[in-house]
C-alpha cells in the first residue's frame, strides 16, 4: 500500500463523498511517512524533551504530538511511581574535595593578608582579591559537586532533579551540599566573610544572621516585583493593542541586518523572512527573498559562513498602522506564517510583560569580578619570551595589586623554546595585561597574559575605602608618595598622595594628653616608669569660697561660691501637705510667698522664685474680665506666664457660672432661659451656686454647657434700648439712667436677654479690683560685687487674662499674681543660681533662704593607665572653705609614664598645643645580629624578606635605628600601601593611636550602582527616561582633540568635524573621558562615561545624517539606529536573567515608540508646527504636496515612552481608557476628533466585534460597505485602507453645523468621473502608479474583474484540498 499523507487521504474521501469509507479510514493509524524512524539512545533531560516535542510537532502535527506527550507523561508517572524519588538528608552528599578547596582558598587569603601586612597591596586590592578568591572557590566547588554526583551517585534524587531540570538548579544544590558563598550587606556591598558551610552541615549563628539580609531582600523584592510587572504589562498592551496583521505584503525594500555572533546566529533568524537573497562565498543563492528561515536553513546559513543576513522586520514594515505578514514572519505559536487579523501587538506586550516577575529588582555589587570577559593565556612550553619590535607597553597595576604591563597596541608575543621544537605565538590585543617581561625565561603553564575582550572601555565610578591603623606609633611617609596639598572650590585643603607608595607607622607608646596639659620633659630624654611626662592645672575663673564635695563617678567636684545673697527679713517655713513639701517665705507683716524653686534646685536668669499668696484677687466663680481705662500691660511674646502690668488701675469682673456637661439632654431638669434660685439642681447631681437666668447650649441632643447669669431682670419693649445693649453688653456707671425707671446705684453690666417671660435687660453686678502700680518686695534686693557676677530680685505683677476674656468655670480663678523674679548680671550663660537653706546667724531655729552662684570645677581622679592614656595623679591645691582669688590654681594633674623608654615630642608650630607624645619602649625595637657585615643603612625601612647581610633575610618590618658592628637595632613598624590620589589624613611625623584613620583610598570600580538591573532598567528603556547625569555624546563625526582646561582637573574635548568646524565639549569634574586623542568618532559615540540619554542619541544620529541625506532618509536611518539599540538593550536585560524573548516582540513595541515625528515647519501642507504625527502620514502628505509643487513639511523624529505613546494614539477612546481620562476627552472634544475604531480597545469599550481573528474579514467587508462611493475615506489599495487626509484641492469637506443638520447635509461632495479625470490630467498622474488609486473610484462589487480572473492551477489546487466544491 502506497502511503499517502493524512491530509490528501482526508480530502479524497471528502471528494468521493463516501461516508462508509470515511468511517473506516478513521480507525487506521496514518503511517508517519514524512521522516524515517530514528533511534536515539541517550539520557533525556528537560532540554531534550523540549526538542523531542518540537520535532514531533514540526513533522507530524498537533494530534500526533498530543498523543506522544500523553504517552511520555504516562511513562514518566509510571517510572516516578516505581522509583519513588524523594529527598532525604542522606541524599545530600557533601563532596570530599570541599575541605581541600576551602584549604586552598584559606592559603590564598592568608598570602593576600601577608602581602597587605607587608604593605605590598592596598586595602582595596586586598578586599578585591579576597572576594575574587571566594568567588572562584565557589565555582570550583560547584564543579566538584557535579563531579561527585556524576561519578559516585548518578541516581541520587537531588542530582536527578537538578540535572534533568525537573526541579531546582545548580545554584540551589550548591547551597545544599557545597557552600552558601558570599553575601551582601543591606548597602549592597559584599561582606568578605563568606558562608563556608552548607545547609547539610548547618550554619553557625553568625552565618545565619548574615544570611538573613538576603532573605528579607528576596521577600521584599518579590512583593514589589509583582505590582511593577503588572503595571508594565498594562502599559505595553495599551501601546501595542492596535497592531494587527492587516496586509499580506507591504512590499518594502527596507530591512534590518542581523550579524552572527562568533559565527553563530542561534535562534535569532528562525521564523523571519529573508529581505535580500542570501549568497555564500561562491555566490550561490542559499535562500531567496521572502523565504521563511527555519532551524535547518539557519544552520545551513551558519555553515556557509555568512556573517550578516538582511531580514524583514516589524521595525521596517511600511504597512499603515499595522504590520504585514511577511515583515512579521512566523507566529511563534505554530511556527507558520502569521495569519491575517492576528493581534500581534497584544502578543508582544504579554511576551515582554509576563517574564517581568522573574527579573530581579537589583543585583548585588560584585567585588569587580571580571573573570568572565577576559581570557587568561598560559604558556604551553618552557622558553624565552620575546615581545617583538612592534610592541608598546606601559606599567599597570591590576585590581589585585599585581604589577603587570598593559599593551597599547596589538602585537604578537613569541615564546622561543629552550629545546628544539615549535614555539608559541600569543596574539596580544590592545588593552591586554601581560604578566611576563621581555626576554624573561618561563616554564610551561605560567600565566602569560590576560587578553582584553575587545576595546570595550567599561564605565567606572570612583569609590573610597578607609585605611585604619593597626598599632599606635609615629607616621612616616616614603618619598615615593610625594604628598601634595590640594585646595578644593570651598577652600578646604586636603593632602593627597601623587604616587603609589607606603605610609609607615613606627611602633611606640602614644599618650593622649588632656587639654591644657604641657609636657615637662625634653624630647629624646630617657624616662623610667612612674616619671611625670606632662602636667595640667585647673584654676578658678572668678574666685570665692571653696567647698569640697563628695566625689561623683570618676571625678571630684570643687565648688567655689562666687556670689551669695540671703533674704534676712523673711523666715523660711516648711509645710507638708498631701502633695509633698511646700516652702513659704513669711515677712514680718504677715505677707507670705509660696516658693516655686525648692531648696536644692537650680534656677536661671529671669526665672520665678516665689509667688505672693494673696486671696484678695481670687473670684468665687468664672466670669468676664474687663480692663478699666488706665490699666495697661506690657506686650509679651507668649501669654503662657500671663501679662505683666506696666500701669496700675482697676480690673472689672462680671461673674458668670458655667457648667460644662456633655451628657444626654434627657437629664436636664430645668427649662432654657428661666430664672432659677441658688442651689437649684440644673442637671442630675449638678447644682447652681448662684441665682440668675439659665442658658442651655446643646448640639445633636447632647447637652454641652449650662450658663447662669446673675443680676436683676427688667422686661423691656423699647427696641432702641434692646439694640443698645445687644451683642456684647455695656458697663453702666452708677446713677446713669438705662430706661424709664431703671437707674442702678452701683456699677452694672447691662445685657439684652430673652427669657421665658419675654425680652428685656439684665443688670449684672460688677466687682472692681484695684491693682497698685508697683508690687511690694522683700528688703535686700541686690548684691553687687566688683568682679564676677551679681544677683538681684525684682517683683512683677502678672494678670492671667486679657481684656474681654471669658473664663468658663464653676470654681473661682486668680486674676493677679505677684511674682519674685531672679535677675543676674555679668554672668556666663551656663552659670546657674543654686537655691539653698541656711540658719540665721543669731537665732539658730530660724531658717533663711540663700541664693548662691557657684563655679564648679571637675577634678579628675587618679586613673590607672590604659591603652591610650598614661596613669594620672591629681592633687588638690585648696582646702575646704578657703578663699581663693580669680586665676588661682585649684588642682594639678600629672601624667605618669607607664614603661621606661625614650620620649619623643611631635614637631609642632609654636602656638600649637601638644596633644600627644610618644615613648619608644624596649619592646618596640629588636636587635638583630648579622653573621657578616650588614648591608642596611641607618634610617632605611625594611620589610620581611629584605636582606640584613649578604645571606640573611630579615623576618620583621621596621626602620633601622642603629648599627654597631654586626648588631642592628630595628624599630618595629607597619607599612600601609596607598594608591595615587588617596587622601592622607595624617602628616609626616604625626602620632596615631590604634584605630585612627590614616588615609582614604580612592579607587575606580566598574559602575554597578546605577546600572539598574531587571525591571527598573526595562522600564527606563521602554519609558525612554532621561537618565540623571548622562554621558556626553558626540554630535557629528570627526577627529578628537583633548586639551587640559583652565584648572588641573578639567578637560576640554574638541571634535574637528568633516567641514573643519570645531565643536567643543567641556567635560565636568568626575567624568571619565572614554576616547583618546586623535581618535575618529562617529555621531552618537560616548565621549564620557555614564548612562546614555536615548533622546539625545536620536538627535545626534539625525543631526549627523541630515547633513548628508534627504530629510526622509535621514529620519528613517536615525530611527533605525536607535531602534536597533533599544532592542539590544532590552534583550540584554532579559538575557542577563536567563529569559528568552523573541526579538520580534520587542520590535513591535519599539516600532510604536518610534513611529512619530514632530513637525517643525509645515510648508504648504495643512499640518501644524509642533504636531506629533505618524512618519508614514507625513511621507504621503509630502509626496502629494510635491505633485502640486508646494513646499513639503520639515520634521524631526521623536522617541516616545510607552505611556506617552499610548496617550498619543489616534484613538482618543483608547487613550482616555488608559490614563488622564479628563484631559484626553476634553482635548478630543475641543479638536472635534473622530475615532476610527481601528484598535481592539476602542471596539471592546463600545461593544463591537473586535477587528482581529475571526472579526478581521468582517471588519474589511464592513469598511467597504461604509466607504461606498467616497474614495476619500478609503483608498482601494491592496496595502490596506489608507486614509488620505486633506490633500485634494478639489474636494471640500463640510462639517455639519448642528446634529439636526447632520442628517440632511451630505458630508462629502462626490465628484463626477469627469472631475476625477480632470484632476488626474492636471497632476499628470500615471494610471499604473499607486497614486492613481487615490484619485480613482473604487469598484462597488467584490466579484473578480476581467483582469483579475483566477489562475486555473490555483482553482484546481483548492479543489484538490477540498476547500472548493466541484461546481
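For all residues, glycine too, the Cβ spot is worked out from N, Cα and C.
Range annotated as region 'Disordered' by Swiss-Prot, chosen from 1-34, 35-68: 1-34. Residue 327 (Zn(2+) binding site) is surrounded by 30 other CB atoms, counting those within 10 A of its CB over all protein chains shown. In the three-state DSSP scheme, residue 324 (Zn(2+) binding site) is classed as strand. Residue 317 (Zn(2+) binding site) carries neither a helix nor a strand DSSP state and counts as coil.
Listed in sequence order, the residues 247, 249, 252, 312, 314, 316, 318, 319, 323, 325, 326, 328 complete the 8 Å Cβ shell around the Zn(2+) site centroid, once 250, 317, 324, 327 themselves are left out.
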